[in-house]
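**Student:** Sharing a structure below in structure tokens format, with a few things to ask.
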Amino acid sequence: MSRLIKTLLISRTFFSFAGAMYPVVLPLFILKITGSLASSGLFLTLVMLPSMLIMPFVGVWIEGKQKKAVTIGSLTILFILTIAQSFYLLVGRTSLVILGLASAVICTLFSVIELATKIMFSEIVPEGELEKYNGLKSVWDNISSFGAPVIGTMVYGFSGFEYVALIVSIFFLISAIILSKMSRYAETREDATPVKMEFFKNLKEGLQFVRENKGVRNFYFLASALNLFVANQEEVINPGILIQKYNITAKIFGFVSFSFTLGVILAGLFLAKRKEGNSRQILKQLFITNSSIMIIIGTLSVIMHGQHKLTFFYIFLFLEFCLGFITILINVPMTSYFQSTVPIGYQGRVFGLLGLISSLSVPIGISYTGFLAQIIGADFAYIVNNLCVILIVLIVLKDRTQANSN
């Protein structure tokens, strides 16, 4: 592993840890202040909305900038905002307006850094090794996303949100310092050409690129389908089946996330250890296998209801592990596909547009699945959603070579 890649991975891990801790603890703090789930939900929606809507424009803007400088600058601003937030709360002030404005900027900068580091990976990692290092990145991202909320909620419970903000600010500072040590690099891609800053023209060209590039357009469609039909699993399906239908206690419900994350981490290590390979060659089969496992879970929930409660739970945990493993075998090659196929000069626009689509399709999918589960049950909703995914995959990837096209 080159020093450049190692530095970027370490810096990103500290950022990911802080980025996973803050959004989990913030809702708890807002709920404590307002005492209302409705007010808390509205606050969080308003905080997240700017970062969702601005992504295509950030994507255009970032292409004309030096990604390392953008990331370090954003991390520095995050450090200043979160440490100021910590001291503001320590002196006993809790203005929702100030807290909301600061949190909106923080969430937007999260998205900017995520986009910038994704493009940096494309710039410094050889095309043939993108899948390998994206796999390794997914390991640390998921360790952070699993560990940070646990630590964050513990700190919040014992000390309060102000100390969570303080810890987060320190992690942002460490991330910025580590990244500042990264030496200047020459892009490994031949298509890494300077981008002229003609904002609206560039945005239009980005939309045109997606429309005209069949492979990229198809992967956009598949990513949207996954976010719409499958990303609701943690919020709707799992609680609906295990807690509501099978009366699994909250004490052991947490093992579901653990099993899924374990599968994700092992899959990331598997991809990182491979010297070479291209999972896109079997992406169609992976999509169908992934949805088939979810259909099996839904079917078993229907068949085993009222009997073998713990047996069903153990089977559920094993299948969740399998889902975590296969999910990374799908997500990493899809990300690597965009990074290797889309010219560097277009990646900000393409990833920015994809970020907007994902941000919109996930909450829509959660709402839709919630209503569907209320009518026909979480298990039947799971089956219906994944039959839709399989149908979409069969239509979009009509033959095995489609996933590798253009």
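Just so it is clear, glycine is given a Cβ too, placed from its N, Cα and C backbone atoms.
Note that the structure is a prediction, hence the values are computed from the model and not measured.
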**Student:** Out of 195-216, 283-304, let me know the one TrEMBL marks transmembrane segment.
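**Tutor:** Among 195-216, 283-304, the range TrEMBL annotates as transmembrane segment is 283-304.
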**Student:** What stretch of 42-62, 69-90, 163-180, 252-271, 350-368 shows the most Cβ pairs under 8 Å to the transmembrane segment (310-330)?
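**Tutor:** That would be 252-271.
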**Student:** Among the recorded stretches 69-90, 163-180, 283-304, 350-368, 380-397, which has the greatest number of Cβ pairs closer than 8 Å to the transmembrane segment (42-62)?
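**Tutor:** The stretch I would name here is 350-368.
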**Student:** Between the transmembrane segment (12-30) and the stretches 69-90, 96-117, 163-180, 252-271, 283-304, work out which stretch tops the count of Cβ pairs under 8 Å.
**Tutor:** 163-180
**Student:** Using a Cβ-Cβ cut-off of under 8 Å, list the residues of the same chain that are 6+ residues beyond the ends of the transmembrane segment (252-271) and lie near it.
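**Tutor:** For the transmembrane segment (252-271), the sequence-distant neighbours (Cβ-Cβ under 8 Å, at least 6 residues beyond its ends) are 131-132, 134-139, 142-143, 145-146, 234, 238-239, 242-243, 277, 279, 313, 316-318, 320-329, 332.
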**Student:** The transmembrane segment (380-397) and the transmembrane segment (96-117): do they have three or more Cβ pairs under 8 Å, with pairs 6 or more apart in sequence?
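**Tutor:** As far as Cβ distances go (cut-off 8 Å, pairs 6 or more apart), the transmembrane segment (96-117) and the transmembrane segment (380-397) do not touch.
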